[in-house]
Amino acid sequence: MAKNPPENCEGCHILNAEALKSKKIRKSLKICGLVFGILALTLIVLFWGSKHFWPEVSKKTYGMEHTFYSNGEKKKISMEIDPITRTEIFRSGNGTDETLEVHDFKNGYTGIYFVGLQKCFIKTQIKVIPEFSEPEEEIDENEEITTTFFEQSVIWVPAEKPIENRDFLKNSKILEICDNVTMYWINPTLIAVSELQDFEEDGEDLHFPTSEKKGIDQNEQWVVPQVKVEKTRRTRQASEEDLPVNDYTENGIEFDPMLDERGYCCIYCRRGNRYCRRVCEPLLGYYPYPYCYQGGRVICRVIMPCNWWVARMLGRV
């Protein structure tokens, strides 16, 4: 009979421990439920806010069709703009004369597909509108300067070998259109003054402006006054072969042809060339913008010879 009280006390301790444990479990469940409720409420508020205040990306594809007459024949040009993939597609012609021009603003490429030739030509393009910069200071005539060439004096010539590695067009709309045809890079080739003189000697009837004022009026929409070219700078292109050049390929240096194709430097040039093109300045709307403000803006860049860059790294220039 004397051993019963300790047994009862031991049972009381066990009951108290179980009760305390159940209280801790209930308290933990309450805390977890409160945290879960706060998280759920936060997610609901974020979802509601993003739905009502976050600008939704339009999934609509914009299209436009233009009809015109050429040599008495009715022709159509259609344009399709996809703001999600940032592509712009132009279609013209029918059957074997059909041509597709794809502007991929996301990856910075332009693809031109000719159905009759079953060939695709690729060139690079800008991805964004360049920032406006102040006009350059006047350059001394006696200084070694570059020659300015405008887009009208550039011919796009395809490369001799087709493109083998197409991984750079993996996520581009161009690859979907040109996947089963041969693809070539096209490179800008400058028209020298000597070539224009050859046309005159052959008896071609070329209608050049008879006065300086008339020439400026005709080209006013293409050339801005800040980048007009002097005649003395044009004529220096004819004697370009007489200029000295440091050819580092004799020392075992080989230039990647992609440097020339992408426009980083010119492998076979003896002097730098200033290449100008007209860039469409947007009037708001979805990207890519199909509208140009006052015909666009002239953007120029200087492409130096690849040998010049090597000489600069060696400290020779």
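Positions of Cβ are set from backbone N, Cα and C atoms, glycine also.
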Member of C32, C178 annotated by Swiss-Prot as disulfide partner of C120: C178
Cβ-based isolation winner (fewest other Cβ atoms within 10 Å) among the glycosylation sites N94, N180: N180
Rounded to the nearest Å - Cα separation of C178 (disulfide bond) and N94 (N-linked glycosylation site): 17
Protein Cβ atoms within 10 Å of C120 (disulfide bond), excluding its own: 24
Rounded Cα-Cα span from C120 (disulfide bond) to N180 (N-linked glycosylation site), Å: 10
